[in-house]
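Step one of this worksheet: look at the structure below.
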Amino acid sequence: MNPRALLYSFSPKPNIVLPDISATKRSFGADHPRHQPPFRFRVWIRNREQYCCFVRVSRGGGGNRRSGKVFADVKSVDKFEKGLDDVVSGKEDLEVESAAEVSWLQEFPKRWVIVVLCFSAFLLCNMDRVNMSIAILPMSAEYNWNPATVGLIQSSFFWGYLLTQIAGGIWADTVGGKQVLAFGVIWWSIATILTPVAAKVGLPFLLVVRAFMGIGEGVAMPAMNNILSKWIPVAERSRSLALVYSGMYLGSVTGLAFSPFLIHQFGWPSVFYSFGSLGTVWFALWLSKAHSSPLEDPELRPAEKKLILASSISKEPVKQIPWKLILSKAPVWALIVSHFCHNWGTFILLTWMPTYYNQVLKFNLTESGLFCVLPWLTMAFSANLGGWIADTLVSKGFSVTRVRKIMQTIGFLGPAFFLTQLSHINSPAMAVLCMACSQGTDAFSQSGLYSNHQDIAPRYSGVLLGMSNTAGVLAGVFGTASTGYILQHGSWDDVFKVSVGLYLVGTVVWNLFSTGEKIID
């Protein structure tokens, strides 16, 4: 049997399906080859403009062995025939892919599959992190821990988290983000599962396991930053990072919402067992779907690969980190100082908010968990809103530097304003609203300092994030531990005053020294 090829359309954006005009007026039985589904495939010719044609191949039946071609657009056909000549002469590449098995899921951009998987990893990251802020209440009652001990336990996570920030960035930039993020998720998931066992054995063992958990989560942000710097074009940077970081916020929402229920139904150890086991599911998906860069993905569609690589910085892997050059740049230090100032307030709210609701606003355990959800929901919304606004401003001609400064200023001054209002509010509802507004404006930082690593040093974005987040982790360690000390000798107003002061310092430093331009090749 001779195949019959019918060319349906040929254009730079082939999205119109023309009717099958190959059928004759004859009628055929159900088993006749003409009633068999045709095989479709695409031919890609990669030249100055990437053109595509849709081809249907069907079998001729009976004595009918004629074959023919029907073209939808004569002008496009001229380009197509010229492209074929270039392919034959070896000037251009010809790629053929089957369209018979292409589903809507396969049509979904692969770079956004990577973003969604990173989002899921960060969702699990904060679920496993915030569950302790709820479980610590029944745990401290069971083991008779005082506020200083609770602060020590909460801060022990950051001991390990601090160790792997820069190391995780170096590892990701040299080995690849896929392997590093996979290691991080499975490591912290195992540590989460072991937490109840360690608590029963003794306080020193619990501190070690929490530090081990921090080691796993410490590599997550540098690895993610490395991956997205290779997969995401500049025009989509703010939105993609905002979506990934909103996974952290929604992880807090999920953890704070489900932890009280699990504790009441099954006891506080169930929180760690159930949340930790979810990491194994993500691990299997990540290994099967993700690649460190688009160059390593054999299933990436040609058009998407061209789009991504058009804004690629370098195809060469990083072999040596230019430490002296990096540390000599003022915008790098502005990023480090601002990250410290930002994380001091953020981590205090992350770890101590349920305690504040319980002790100051007199909410019970369930109410503390549920009311903690609202600020994180606000952050998830605000982060994505800020990402859309930032990318829109850049596309309209605003400089990246100006956009980053605007977004981060909101991320600093917004929380500072709303935290100052808490001392003047007596209503629990208004206090929760102030917390929500504080966290909501804080989320604009995802389009400010958290997007800036890829702006100023895209090849070394993993290392740079590791450096700045090391400062952020130190803020978490000192801020979380000192809050327990402050509460023993002072009040919550004193806790908030320190955070507000650091927000103001960060605002000044950021606007004086930061930039959105690339300063390190």
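Residue positions begin at 1 at the first shown residue.
Using N, Cα and C of the backbone, Cβ positions are placed for all residues, glycine too.
Curation plays no part in TrEMBL annotations; they are all automatic predictions.
Sequence annotations record features per position, and here TrEMBL assigns domain 'Major facilitator superfamily (MFS) profile' to 114-518.
For 112-136 (among others), the entry in TrEMBL reads transmembrane segment. Long-range neighbours of the transmembrane segment (112-136) within the same chain, counting only residues 6 or more positions beyond its ends whose Cβ lies under 8 Å from a Cβ of the stretch, are 150, 153-154, 157, 181, 184-185, 188-189, 192, 195, 210, 213, 217, 220, 224, 227-228, 231-232, 240, 243-252, 254-256, 259-260, 263, 268, 271-272, 275-276, 278-279, 282, 285-286, 289-290, 350-355, 365, 368-369, 372.
Within the same chain, residues 129, 132, 180-181, 184, 206-207, 210-223, 225-227, 318, 321, 347, 459-467, 469-470, 473-474, 476-477, 480 sit at least 6 positions outside the transmembrane segment (156-173) and bring their C-beta atoms closer than 8 Å to a C-beta of that stretch. Residues or ranges marked as transmembrane segment in TrEMBL: 156-173 (among others).
The transmembrane segment feature in TrEMBL is assigned to 180-199 (among others).
The transmembrane segment annotation in TrEMBL covers 205-228 (among others).
Sequence annotations record features per position, and here TrEMBL assigns transmembrane segment to 240-262 (among others). Outside the transmembrane segment (240-262) by six or more residues, the chain places 111-112, 115-116, 118-131, 133-135, 224, 228, 232, 270-271, 274-275, 350, 354, 365-366, 368-370, 372-373, 376-377, 379-380, 383-384, 386-388, 443, 446-447, 450-451 with a CB less than 8 A from a CB of the stretch.
The annotation transmembrane segment is assigned in TrEMBL to 268-287 (among others).
Annotation comment: TrEMBL describes 332-353 (among others) as transmembrane segment.
What TrEMBL lists as transmembrane segment is 373-394 (among others).
Counting only same-chain residues 6+ beyond the ends of the transmembrane segment (495-513), those with a CB under 8 A from a CB of the stretch are 330-331, 333-334, 337-338, 340-342, 344-345, 348, 352, 405, 408-409, 412-413, 415-416, 419-420, 422-423, 448-449, 475, 479, 482-483, 486-487. Marked as transmembrane segment by TrEMBL: 495-513 (among others).
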Under 8 Å, at least 3 Cβ pairs, sequence separation 6 or more: does that hold for the transmembrane segment (268-287) versus the transmembrane segment (180-199)? yes
Six or more residues out from either end of the transmembrane segment (180-199), which same-chain residues have a Cβ under 8 Å from its Cβ atoms? 118, 121, 124-125, 128, 131-132, 139, 143, 168, 171-172, 205-206, 208-210, 212-220, 222-224, 226-227, 268-269, 272-273, 275-280, 282-283, 286-287, 290
